[in-house]
Amino acid sequence: MKKRLLLLLCLPISLAAQEKVTIKDAAEIGYKAELMVNEFKDLMNVITNTETDLKETKDMIFNSHSGARNRIFLSSTVIVEDDIDPNHHGSENAKENSIEKYLNDLDLLYKKSDTSSIAFTNMRVSNLKMADYLYLKVYFTAQFSNKNNAIDAPYVANNRMAEVRVDKENNKWSLHIVRIGFYSPNDTANDVKNDIALAMEEGGQAVATNNTAGGEATATTTVSFAEELKEKERAKQIQAYNAELQAYNKLIEKGDQDLSKTDYANALKAFSEAAELKPYELYPKIKLNQIRKLIDQVSVTNEELFKQFVEKAKLAEMNRQYEAAKEYYTNALAKKPTEASNLEERIRLVTAKLRIVTELEEKYNAGLYKEAQRDYDRVIKKDDKNSDYFLGRAKCYDKLNEYKSAVKDYSKSIDLDNNNLQAIRLRADLYARNKEYFKALTDYRIYTTIDKSDPGIYIRVAELHIITNTPKAALEDYDKAIAVNPYYTDAYHKKGLLQFNLGDYKDAIEQYTTVLKIDSTQAPSYYHRGLAHEKLNDINATGQDFAKARYFKVDSAAIKDMAAMAARYYEVGVQNFTTKQYDKALEKFNQTIIIDPQPALYHYYRGEAYLALQSYDKAIENFTEALAHQSTYYEASYKRAWAYIYKAEHATAVKDLEDAIKANSTIAITYKTKGDAHLILQQYEPAAASYTQCLTTAKTSKTTLDDKVLADLYNNMGKSYFALGNFETALSNFKESLKKDKLFAEAYFNRGHSYLKLAQLSDAESDINKSLEINAANCTWHYTLGDVYRLRNQPEKAINAYTNALKKDSTKLVTNNAHYYRAVNHAALANYKEALADYLAVENASAADSFSTFREEIGTAYLQTGDADNAIKCFEMVLSGDATNAQMQYNMAVALLQKSNTDQSLTWFEKAFASGKLKYSAVRKDKLIAGIKDDKRFKALVKKYF
């Protein structure tokens with residue numbers, strides 16, 4: 001029994017629960033995927049061809065996603081990243097649409113032509129992959145050659161990717177596109193993520209993937225064999241496709257031959273079969289349309305054409321269009337010469353009427369209505385039975401605003417010829433202008449019983465029905481106009497206007513959409529459809545339609561209305577912003593900008609909303625957009641600076657503040673904000689200069705700054721001078737700050753700190769205590785007060801201040817210093833145990849090296865608390881760097897004495913005494929050496945050196 005082995009190709013993903021996919025299957029699927037993407041391209045070219053009518057486009061779009069046969073897409077909801085907008089070149093800025101909307105947008109927004117204008121090149125197919133279903137990716141380059149109807153930007157080639165789902169139905173592979181989008185360079189046909197293992201029925205073994213080469217000969221051989229199988233299957237698929245293509249080409253060739261012989265029936269059959277084979281190919285569809293038109297023309301016999309020309313001639317006569325009537329009668333005669341006796345007489349009579357009317361109409365056409373009226377008076381006296389004469393005189397009276405005379409003559413003209421359509425229509429128009437609407441409606445109704453071919457008459461009737469408050473009848477009139485001419489855009493548009501006014505916004509949108517399918521450049525329909533979308537709260541659609549309306553040059557009234565609509569949303573946004581409802585404000589500003597993206601003010605206020613919501617990056621984007629629309633815009637520059645300040649990007653903020661000052665140099669507060677930014681950046685000189693300029697500008701512009709603002713300004717200016725070491729000027733500014741705000745805790749501290757630097761310790765103590773009375777939470781202030789007390793030799797108070805600093809210091813800002821100086825003050829009070837605890841805290845924080853005499857001091861604390869061993873270690877460290885330090889030599893002697901090492905102790909005592917730097921009074925009072933004072937050797941040393 002022949003064994004079936006599994007050859008592993010690609011990265012293995014388990015297919016245990018799936019149908020096994022062979023190498024041959026993969027080759028077949030890959031080729032079919034290419035053909036499917038090419039069918040998508042062909043579909044796009046058919047939709048964008050000028051020969052494809054509206055119904056055919058709709059049918060093809062539907063069949064492409066929901067048809068029973070030749071379906072390209074899995075469903076109507078397949079997602080496509082939009083590339084119809086020529087500004088879209090990647091996933092990051094492209095919107096996602098359903099395939100149905102994408103294809104409808106292509107039909108509406110892309111300029112059509114009589115040749116194919118969309119090409120797919122560089123097509124590559126990925127390996128088969130498995131996620132929730134079996135799929136593969138087809139990569140290609142898409143190029144649109146025509147233009148976008150709404151956006152004046154050229155198309156460029158885009159990298160596109162179609163994801164194709166693969167299913168097995170009735171033992172055949174079924175493919176459908178499930179997604180189309182852009183692809184990045186990282187997402188290529190060589191991507192092996194999710195690749196599946198393929199099987200083959202030939203013998204073989206596990207080898208490397210398609211995309212990597214194994215190192216051993218066996219693996220290489222097997223891969224080569226697998227590739228050979230793929231190529232063979234691909235060749236088989238190409239052969240099958242070419243056979244189908246050959247059959248298609250034969251049908252096309254036969255259809256062309258039959259068409260050239262005017263054998264329309266067989267040509268129709270051949271091209272229909274070709275279209276069945278390739279439903280998205282353009283050529284057979286164009287030929288089928290051509291044949292149908294030819295069949296329609298041929299099917300109209302000469303007898304029928306004769307009747308049509310005669311009917312048109314009669315209508316032209318009734319409308320007093322004698323030149324046209326003469327032409328129609330002449331055409332009728334050509335189709336049926338046997339009617340010469342009747343038609344030649346009609347032609348003679350029409351020619352005579354044309355000559356008479358032309359002569360009489362000359363003065364009327366020249367605007368000489370009174371003179372023309374007199375001419376008609378003369379001919380009517382000679383012939384008062386001629387309907388045309390009364391019609392001509394009525395038209396003159398009409399122009400001369402002689403209403404009664406005009407109505408009388410129109411009526412006489414109609415009485416003389418009940419089929420005088422021009423007289424009926426003009427009397428109706430006159431009645432309508434004079435608000436005799438029901439009389440006008442009666443005349444128009446009479447007109448349409450005779451001539452049902454003029455859609456414009458139904459439009460006029462509809463307008464009168466609207467005036468007389470019978471909108472239902474008006475809608476019926478519009479439908480009649482559309483029935484006469486399905487491409488009459490005015491009827492759809494005006495029907496949409498009426499439905500809009502009746503509140504039927506969805507139906508109105510449908511009418512405007514139909515207009516735009518017929519003529520995608522109709523700015524009024526974009527504008528009014530935008531209004532309807534706004535009523536349905538679809539602001540995004542409103543914005544898109546308004547943008548197209550502007551692009552196609554909608555009239556100034558509509559421009560003003562769109563601006564007014566945006567302004568209404570903006571005002572609501574401002575109200576919400578004022579009441580601190582920032583989310584609601586943001587929503588309204590978003591809608592405002594969608595409706596009208598041009599005014600810089602709208603982008604500025606959206607930036608304000610984002611700023612209030614602490615979305616600083618978004619705020620910056622909007623302030624930047626405002627500046628793009630209005631390059632010199634103080635508020636936008638100033639508020640963008642604040643957004644950067646909140647992001648702690650103060651250097652960038654300074655640049656914006658400089659731009660704000662260029663835009664308006666008279667606003668004092670800008671200089672203060674700039675000074676604050678410089679201060680944070682530790683740029684103290686420009687900070688001080690900015691504060692000074694703020695005060696100068698306030699004075700020259702007669703601006704009164706709030707006392708709180710002035711207090712903060714003087715305080716910050718003082719801090720700038722303090723940092724520059726100019727303590728006197730700093731002190732002066734802190735004093736000014738406190739004049740403006742007597743409860744300004746920081747200013748009290750800063751003034752106290754300045755006093756400290758100037759050695760005015762009493763004033764320093766007073767001010768820092770005042771600052772702590774107002775705000776006792778600042779650890780630095782407590783610490784600085786400790787320094788004041790330390791320098792005033794008030795160790796108890798210093799210890800208390802340092803203790804408070806440590807309690808308040810949650811961020812370890814002054815902890816090490818506070819411990820150290822509290823230790824110093826404890827030592828001054830001989831509180832060596834407490835001092836040692838603080839010194840150890842400093843040492844444990846690895847901060848000992850920050851204090852130059854730390855080892856001497858902690859060694860002394862160890863000594864005073866009886867820890868001779870640690871004391872000796874500290875003294876040795878000090879003496880290793882300073883061997884002549886007499887105090888350390890003495891302390892070393894005392895420590896050795898504590899360890900009962902008297903001999904060594906005496907050696908160190910002698911070194912210390914010999915230096916001449918110690919005072920005997922201090923030695924005599926030292927209780928730690930009480931045990932050696934009676935030693936003869938010690939006494940001898942004392943006697944020798946003191």
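Cβ from N, Cα, C; glycine included.
The following features are taken from TrEMBL:
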- 248-281: repeat 'TPR' (REPEAT)
- 387-420: repeat 'TPR' (REPEAT)
- 455-488: repeat 'TPR' (REPEAT)
- 489-522: repeat 'TPR' (REPEAT)
- 566-599: repeat 'TPR' (REPEAT)
- 600-633: repeat 'TPR' (REPEAT)
- 711-744: repeat 'TPR' (REPEAT)
- 745-778: repeat 'TPR' (REPEAT)
- 852-885: repeat 'TPR' (REPEAT)
- 1-19: signal peptide (SIGNAL)
Folded-back contacts onto the repeat 'TPR' (455-488), same chain, C-beta under 8 angstroms, at least six residues removed: 425, 428-429, 432, 437-438, 440-441, 444-445, 447-448, 494-495, 498-499, 501-502, 518
Tell me the residue counts in helix, strand and coil for the repeat 'TPR' (248-281), as DSSP assigns them. 27 helix, 0 strand, 7 coil
State the residues, same chain only, that lie 6 or more residues beyond the ends of the repeat 'TPR' (489-522) and have a CB under 8 A from a CB inside it; answer 'none' if no residue qualifies. 54, 107-109, 149-150, 455-456, 458-459, 462-463, 466, 471, 474-475, 478-479, 481-482, 528-529, 531-533, 535-536, 552
Using DSSP, how many residues of the repeat 'TPR' (566-599) fall into helix, strand and coil, respectively? 27 helix, 0 strand, 7 coil
Do you know the DSSP helix, strand and coil residue counts for the repeat 'TPR' (852-885)? 25 helix, 0 strand, 9 coil
